[in-house]
Amino acid sequence: MADQLTEEQIAEFKEAFSLFDKDGDGTITTKELGTVMRSLGQNPTEAELQDMINEVDSDGNGTIDFPEFLSLMARKMKDTDTEEELIEAFKVFDRDGNGFISAAELRHVMTNLGEKLTDEEVDEMIREADVDGDGQINYEEFVKMMMAK
């Protein structure tokens, strides 16, 4: 399944993997998965984290390595984002709940994920998604951007 991914997608997933793999040892543990989930406002139990890892841990060693992560992402891309998942993702970014993602909100979430972005990079991300030019991202623009990925 992972062989249907483009090189660009694989590079993006490698970057995502390294956000999870906090100690850089090439595997994602339940602890590391929990850290990232909590930084996104989720609060999974230890059992839920273990279940998530077990779902993709094909060699049964209790952690996720990059090939396992790739096959998970390839699977996830096939069941493309349901509307519910998109709404949840939008809410993670729209911290004040006003229906818009501002540059500050985008920077905050990206920083929580370990991505230190310059103001220029944040502004560029907003500009790319901001169809109506109001300087922030509304839900429709967010959906368009997510579907274009």
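The chain as shown is numbered from 1 upward.
Just so you know, glycine gets a Cβ as well, placed from its N, Cα and C.
The Ca(2+) 3 site recorded in Swiss-Prot comprises Asp94, Asp96, Asn98 together with one of Glu85, Glu105, namely Glu105. Residues 80-81, 86-87, 89-90, 93, 99-103, 106-107, 110-111 of the same chain, all 6+ positions outside the domain 'EF-hand 4' (117-149), place their C-beta atoms under 8 angstroms from a C-beta of that stretch. Shown for the domain 'EF-hand 4' (117-149): DSSP residue counts in helix, strand and coil, namely 21 helix, 2 strand, 10 coil. Each residue contributes its Cα atom, and for Asn61 (Ca(2+) 2 binding site) and Thr27 (Ca(2+) 1 binding site) those atoms are 10 Å apart. Between Asp94 (Ca(2+) 3 binding site) and Glu68 (Ca(2+) 2 binding site), the C-alpha separation comes to 31 Å.
The CA atom of Glu68 (Ca(2+) 2 binding site) is located 10 Å away from the CA atom of Thr27 (Ca(2+) 1 binding site).
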